[in-house]
Amino acid sequence: MRKTLVAANWKMNGSREFAGQFFRDLDLNGVDCDVAFCPPFPYLPIVADLLQEAGRPSVSLGAQNVSEREAGAFTGEVSAAMLKDFGVRYVIVGHSERRSLFGETSELVAQKYVAAKEAGLVPILCVGETLEEREASRALEVIGSQLDAVAELAVDDCWKGAVVAYEPVWAIGTGKTATPEQAQAVHEFIRGRLGAAGEEMQIVYGGSVKSANAASLFAQPDIDGALVGGASLDAAEFAGICRAG
Ligand code: PEP
């Protein structure tokens with residue numbers, strides 16, 4: 001039985017004050033799923049402290065990006081080992097904003113995935129198609145090739161200890177959610193592509209998830225939770241999503 005995972009992606013939002021107020025407001029009573037917060041890098045230790053203070057040490061920390069390099073003269077980069085050093089458990093790789101705005105190719109995403117795994121982090125690998133690709137009936141082909149790029153580089157036990165997030169680009173931050181049936185069809189395809197490890201892996205959905213639509217998504221057999229952007233900035237809304245898990 002796979003446990004539901006709800007991960008908050010704060011993107012480049014928040015402040016020290018915001019984080020403090022958020023965790024004072026956050027009420028996770030009655031929540032039974034895995035929960036993670038991926039704030040911007042500088043807030044990782046602050047969020048860790050706030051979780052301790054709130055008596056929520058079992059809630060995990062995640063980062064939004066990681067370098068594919070180990071160490072050295074790479075100004076502005078943050079390594080997987082550094083994240084591990086700060087108690088980070090998850091790291092998002094291949095988010096569509098990084099692919100489209102920062103030119104990250106599937107090959108680079110695969111290198112980041114490998115770096116994360118080698119450091120003992122759990123990569124949350126984001127895959128998903130644009131609206132144009134969906135309308136051209138190319139969604140599964142695109143997602144398949146995003147997964148293959150990782151499988152080609154990561155070889156042994158490639159998928160073990162990782163999470164996949166299906167995030168249709170047209171649903172991210174747009175208020176348009178994939179229907180539970182649309183999302184389920186892609187999740188089933190992804191699970192099939194992951195081989196033996198797929199049965200145990202959490203495959204989460206991302207794209208305008210809110211407390212009002214979370215339960216119907218989580219009711220699908222292959223949807224094991226959510227990666228949440230906009231709605232994760234509202235403590236009550238985010239808690240509502242977690243409660244649906
Ligand atoms: C995301 O950026 O990962 C995301 C799912 O955003 P939103 O929930 O705002 O669509």
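Cβ atoms here come from the backbone N, Cα and C positions, even for glycine.
What TrEMBL lists as substrate binding site is Asn9, Trp10, Lys11, Gly173, Ser208, Gly229, Gly230. Cβ contacts within 10 Å of Lys11 (substrate binding site), excluding its own Cβ and spanning all protein chains shown: 18.
TrEMBL lists His95 with the feature active site, electrophile. Neighbour count (other Cβ atoms within 10 Å of the Cβ, all protein chains): 27 for His95 (active site, electrophile).
As annotated by TrEMBL, active site, proton acceptor applies to Glu167. Contacts of Glu167 (active site, proton acceptor) defined by a Cβ separation under 8 A and a same-chain sequence distance of 6+ are given as His95, Ser96, Cys126, Val127, Gly128, Tyr205, Gly206, Gly207, Leu227, in order along the sequence. Under the DSSP three-state reduction, Glu167 (active site, proton acceptor) is assigned to coil, being neither helix nor strand.
Fewest other C-beta atoms within 10 Å: among the binding-site residues Gly173, Gly229, Gly230, that description fits Gly173. Sorting the binding-site residues Asn9, Ser208 by the number of other Cβ atoms within 10 Å puts Asn9 first. Within 10 Å of the Cβ of Trp10 (substrate binding site) there are 22 other Cβ atoms, across all protein chains. Checking the binding-site residues Asn9, Trp10, Gly173, Ser208, Gly230 for a CB within less than 6 Å of any atom of ligand 1 leaves Asn9, Gly173, Ser208, Gly230, listed in sequence order.
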